[in-house]
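Each remark here refers to the structure printed beneath this line.
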Amino acid sequence: MTSAMRSSTSFISLKDTRSPKTPDDFSGTICFAHIKPSCRLQAKNSMQEAQLSHDEILMTDGRKSNKGGELHAISGPRSSNDSKVPVFVMLPLDTITIGGNLNKPRAMNASLMALRSAGVEGVMVDAWWGLVEKDGPLKYNWEGYAELVKMVQKHGLKLQVVMSFHQCGGNVGDSCSIPLPPWVLEEISKNPDLVYTDRSGRRNPEYISLGCDSLPLLRGRTPIQVYSDYMRSFRKRFKDYLGDVIMEIQVGMGPCGELRYPAYPETNGTWRFPGIGEFQCYDKYMRASLEASAEALGKKDWGRGGPHDSGQYNHFPEETGFFRRDGTWNTEYGQFFLEWYSGKLLEHGEKILAAAEGIFRGTGAQLSGKVAGIHWHYRTRSHAAELTAGYYNTRHHDGYLPIARMFSKHGVVFNFTCMEMRDGEQPEHANCSPQGLVRQVKMATRTAGTELAGENALERYDAGAYSQVMATSRSESGNGLTAFTYLRMNKKLFEGDNWRQLVEFVKSMSEGGRKEKLSECDTHGTNLYIGFIKDKSVQKTKEAALA
């Protein structure tokens, strides 16, 4: 976590972005830089119930809203390849300032106008716990968000709001620092076991440990009560907009808002891609739970801590006794530990989503939850990186179907990342298969009867990434997408070719993603883009933002 907040707000350029082209700008080939994974990556593939095995998938990949009435009226998994897929765009992480105000409102106004002209459905914003409840328990400041909601409504856009109970900072793409509320950090300083802890005793302040979900350790309230009070306050403040402007509430359930453990923290270089990560079960509350589970089975020795042979953050599976091909993960002990570890994560998600469902029932707002796309070491038997993050997904065990069923139980959309990634772009030594992982998740959500939405894991502006998202959005194998949220709005997005690619992508998704490939290089522009730049009222708005 950085010590000082750095402004990352990047809106549409306030000048005409059609800069003179160099010969390189017209290159007919697309070169992919080395892609480093972020907290927005994740997932995998199996599915006995859908009659697909991991082996079948790996063989293939190896070669290459309803407003009214009841809450979350799910229409059932998408089956038509011709359905419109609405596109949303994530706003900058520091859309709301540390002081609780809307950051650069005139520039935001111009940017929203541009996005509306491009045909996007709406935008997504993080409602940071560390900003809203910063001044003390139950003292909420929603004013900056209220200004944003009104601005989004003015432009005829919709809003996805993330209940962000995690810190911002310390992961790929985190361009600013927003820690947990100061009063929470004070409690953590007095009781460090409130946060996740690895085997060496390293504490992670990104998110409160799920081990204390039901313990009144936050000034007399449990973490689940704190999250519930926060969501209740949001509902009260924005009751007139829920189901109308605010169409979706994404419920944060872990680091980066994802339902997972912080197994691969990048702060201070702790973890580097494609390391397997480490189990996060060494705070005293998690240890007590493990001990109790082991004693209940008459296996007291199994409850003395996590696996001793699981290696360190940057190891590869074959360097460890636990994750290697025929390692401890596939023994009776390994199965016990992984069922406990992943089961605790499922219980955590169940508690938060049950609370959210009760709070937002009848508002017309759709609930969603996010799962990480952990695609590295997916081609190995143990799927080590997924296991340390809490997804019990191996060659023999499907880790995503239980999550999908839990989401389905509460009418929650399953939001998944790495939709833009192709296997061939990944380094061979990392044993990645983002395409296999996405296919497994598509099958799991179809089997569970829950809807699937997607995001890109890394910032991408090329035609190849957009084409992969369009291919994924269709439902030939498993669920198609009900929505896609693009990461992220910044100055680069509004540059000439990048903007034209986005416009063409949004148009294609509105037609059900039927256009299989975007043009690799569009030097002719589009009427929409030129029209936006030349529109006098928009130009005045851009000039105003310069002041």
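Numbering starts at 1 and runs along the chain as it is shown here.
Cβ from N, Cα, C; glycine included.
Unlike curated records, TrEMBL annotations are generated automatically.
Of the given residue ranges 1-23, 47-69, 185-207, 507-529, TrEMBL assigns the label region 'Disordered' to 1-23.
In the shown protein chains, 24 other C-beta atoms lie within 10 A of the C-beta of D126 (substrate binding site). When the active-site residues E258, E455 are compared by the number of other CB atoms within 10 angstroms of each CB, E455 has the fewest. The two recorded residues E455 (active site, proton acceptor) and R488 (substrate binding site) have their Cα atoms spaced 10 Å from each other. Over all protein chains present, the Cβ of R488 (substrate binding site) has 21 other Cβ atoms lying within 10 Å. Distance between Cα atoms for H375 (substrate binding site) and E258 (active site, proton donor): 15 Å, as a whole number. For H375 (substrate binding site), the number of other Cβ atoms no farther than 10 Å from its own Cβ, over all displayed protein chains, is 32. Annotated pair D126 (substrate binding site) and E258 (active site, proton donor), C-alpha to C-alpha distance, rounded: 13 Å.
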